[in-house]
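Asks: Feature list, courtesy of TrEMBL:
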{"type": "DOMAIN", "residues": "6-307", "note": "domain 'Hcy-binding'"}
{"type": "BINDING", "residues": "CYS210, CYS292, CYS293", "note": "Zn(2+) binding site"}
Amino acid sequence: MAPAKKGILERLNAGEVVIGDGGFVFALEKRGYVKAGPWTPEAAAEYPEAVRQLHREFLRAGANVMQTFTFYASDDKLENRGNKLTFTGAQINEAACDLAREVANEGDALVAGGVSQTPSYLSCKSEKEVKAIFKKQLDVFIKKDVDFLIAEYFEHVEEAVWAVEVLKETGKPVAASLCIGPDGDMHGISPAECAVRLVKAGAQIVGINCHFDPMTCVKAVKMMKEGVEKAGLKAHYMVQPLAYHTPDCNCQGFIDLPEFPFGLEPRILSRWDMHKYARESYNAGIHFIGGCCGFEPYHIRAVAEELAPERGFLPAASEKHGNWGAGLEMHTKPWVRARARRDYWENLKPASGRPQCPSMAVPDGWGVTKGHADLMQQREATSQDQLKQLFDRSKTH
């Protein structure tokens, strides 16, 4: 029998670096297995080979947490706005757990079961109703015995606290990650206060994921850390940002950008940007470092390579990647061989190749959040009349 793996808290308590995986919904949408709009994870049951392969690529790149592909896998989200699936939420969640465990067992990786924000919360359903949705997902995670739990992608700390309160009942370690920036959650609660509430609710790991670029997310986690320490509490910290540059975003993050979601490619971070992100995170005292939307395996490999001195090893995928471009020494063209050095890539300012495009965008900024009529959700498909109202309104913003 293989020796038992160290748990997530055991690793973090020992000062180890834990590397998360990347953004499954965006990566699988680009590969043709996820539908943009609902962003639901039925591919875990429909196309398990695609999900399994992506897990393997992240594992090979250096990730040692395999998150179950259960993002937006609550029943109310799976049935929202005319989304019709042939699989139940339980079937999707179970398939996702099995795939994550299968690949985690191929290396020294842990399995994290994840829940995320719900349409029910946006529609002002009660605490009891929202918690019942989390509990239904949690039953699968208990059955499949995941190693720890993550409440991730929450715009409102209130709902994240409800999720943590449900997850902590299992006795398993709980992480909580908000999709907010330095300005706080969608009701204006600061990152520091959000973190304090999450720790008091029972989260042992707190942090930020999605909606903003790496450096913005690291800044928000630093604010969380300061708040927790000022309150006399203790926690570990995590960050799993976008792989897109978002200097022009408002408090809603990248979903307000006019390029979201089909025109974001010019904003993608390079592997060398990821080296800077990994080092900045580690220096800030964040030891659970991964990625969200836009992150591909080569981005995670860059994180693992930057932190190889702290981890004591390189990821398997580095056998096909020369350190700081060293593989270019073998190129046939001399001017490309001349780029086989760290200072070249560290100081490069990449061109976009788009002479008519601005460097920054103007976010939509409709300014609606939980409790607003525009965010009330429905099981029926969005009607043509509803769409026309939205089209007309978009012309005034």
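Quick reminder: no glycine exception, Cβ is built from N, Cα and C everywhere.
Predicted automatically and left uncurated, TrEMBL annotations should be read as such.
Are these features on the surface or tucked inside, and what are their neighbours?
Replies: CYS292 (Zn(2+) binding site) has a Cβ environment of 29 other Cβ atoms inside 10 Å.
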Asks: Over all shown protein chains, what is the count of other CB atoms within 10 A of the CB belonging to CYS293 (Zn(2+) binding site)?
Replies: 28
Asks: Quick one: average pLDDT across the domain 'Hcy-binding' (6-307), no decimals.
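Replies: Residues in the domain 'Hcy-binding' (6-307) carry a mean pLDDT of 95 in this prediction.
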Asks: Return the residues near CYS210 (Zn(2+) binding site) by Cβ distance under 8 Å, restricted to its own chain and a separation of at least 6 in sequence.
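Replies: Non-local contacts for CYS210 (Zn(2+) binding site): GLY23, GLU152, TYR153, CYS179, GLN240, PRO241, LEU242, GLY253, CYS292, CYS293.
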